[in-house]
Structures are given as C-alpha cells and as structure tokens.
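Reviewing the structure listed below.
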C-alpha cells in the first residue's frame, strides 16, 4: 500500500491503475479507524481491483463548537488497518492541499432537502461540508464505485442524491453497520465515552430495535411510540437530539402505511453525540 499526500500523486497512481484496466473503488474516511471502516475497505477490495482510501479530517463539516481540534489522529495505526483490509492507495492530504484557495470562498455543494432536519438541524452546514469534500474526492479519483457505511444513513442519502443529480458515473454502495457484541454501533467517537457511559450506550440501539419490532407488530401510532422510547432513553441517561421514523428514500416524515421506513436517532451521553438507525422494509 502506498501513501500519497498530493492531488498530483493521487491522480498519477490512479491513472496507472486505470491504464492497467483495473476497476477503482474509493472509501473516504476521517481516520481513527475501527473494524467498521475495515469492513468498508474489505468490501471495496471484493468489488474492485484497486482500492483507494482517504484520511482527511474535513474542517468544512465541523461546526464551531464541535470536536475538530480534538478529533483523534492515529495515522500509523490506520495505515496498518487499511493494509490488512486490502487497501492499495491511501491519500492523506493537508487542509491546504484540499482547499488551496482557502475555505472562505470555497465553492460548496448543497443537497437541499436531504441535508435539512435530523443531523442537519443540529449541525448546520455539516452536509454541505460532506457533499463538498466528497465531490472533490470523486473528481480527484473518478472511481467506478464508492463505499459508505449505513450508520451515517442521512449522509449516505445525501451522497446518493448528489451523485444522481450531478450525473456522476459512480456506483454508491452502502455497507451495513458494524456493531459491538452488545449492539452499539462502532464509531470513532465511542472512545470519548467513559466507563459508565459506554455501559449505557447500547440502550440507543435497543430503543431503535424495539421501535422497529413494534412497527412490525402493527403499531399505528408513531407519535406515541416515539414518545415512549424517548422517555425510555432519557431515563437511561441520554439527552435526545432526535428519534424519528422517516421514509427510507426521501427521509420525509411518514405514516404507518409506509412499508419502507428508517428509524433514526441521535442522542448525547455526556458530551458525546451518538447516532444510529435501522432500515425496516415490510412486505
């Protein structure tokens, strides 16, 4: 696995692979990798001949009071994980390499409806930052396919819409959420949890799972169901950002008649914000 830091080096390496007839896959990350990221890269290696991973902590997608300055930087460990997972090329640009003209006047990519509400409500500008950096990476690499985790369900929906609407010839693949044995979705931010918070954290997915089970059993009153689960989470020590049942494609509010929904949640334990979801399709 080679590691490059400049767009010029990245494009040259990808061009060599493409000249050899190789199918190119891209997996963007912010580093501090865990086994969920490794699963994305391993899936990319199954689907393509040449796997590009990126590690870039993107300032555009962090709000003013978020953890940009403290987000863990673990490059050496990340390189080892990527190598073991089957990565061929790692791109680790600086902020100056990604935004050579500064960020104040940077062209932004906006996916209006899907970026609003849910995480977009509490993290204004976040999805513009995500869509902008991902579109830049897509232009730099021009992959045949790109793989993203379904844990960030709203992000995946935003990227799918961007690719569709801007006619990008890239296949977007969602990979199922990787979980700890107790059900907690793996996240780079789980390391912020103290021992007591880590013990409480699986209750978030349990509430989502119970919501899905109730819907599958025929529950029609979504409002009452969500109110009950919010109270359950608050009793477990969570501060709720949102717990919603939405249409799985549009992410718009939905009703019990909808057979394809997603249950999405974001909640704080202490200062750590956890997100999770469950896609529920009923026949």
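Just so it is clear, glycine is given a Cβ too, placed from its N, Cα and C backbone atoms.
In Swiss-Prot this protein carries:
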- 37: active site, proton donor (ACT_SITE)
- 30-37, 149-152, 178, 186-189: ATP binding site (BINDING)
- 61: beta-alanine binding site (BINDING)
- 61, 155: (R)-pantoate binding site (BINDING)
Requested in this report: Determine, using Cα-Cα distances only, which of these recorded positions is closest to residue 188 (ATP binding site): 37, 61, 155.
Outcome: 37
Report task. Using C-alpha positions only, work out which of the recorded positions 33, 36, 37, 150, 155 is nearest to the residue listed as 'beta-alanine binding site'. Result -> 155
Report summary line: Neighbour count check, CB within 10 A, over binding-site residues 61, 155, 188; minimum at 188
Report summary line: CA pair residue 37 (active site, proton donor) / residue 178 (ATP binding site), Å rounded to integer, equals 9
Report task. Rank the binding-site residues 30, 33 by the number of other Cβ atoms within 10 Å of each Cβ, and give the residue at the low end. Result -> 30
**Report entry** Listed in sequence order, residues with CB under 8 A of residue 150 (ATP binding site) and six or more positions away
**Finding:** 156, 174, 175, 176, 177, 277, 279
Query - Under 8 Å by Cβ from residue 36 (ATP binding site), counting only residues of that chain that are 6 or more apart - result: 149, 151, 177, 178, 185, 186, 187
Report summary line: Cβ contacts within 10 Å for the residue listed as 'active site, proton donor', all chains included, total 25
Report summary line: The rounded CA-CA distance in Å from residue 33 (ATP binding site) to residue 155 ((R)-pantoate binding site) is 18
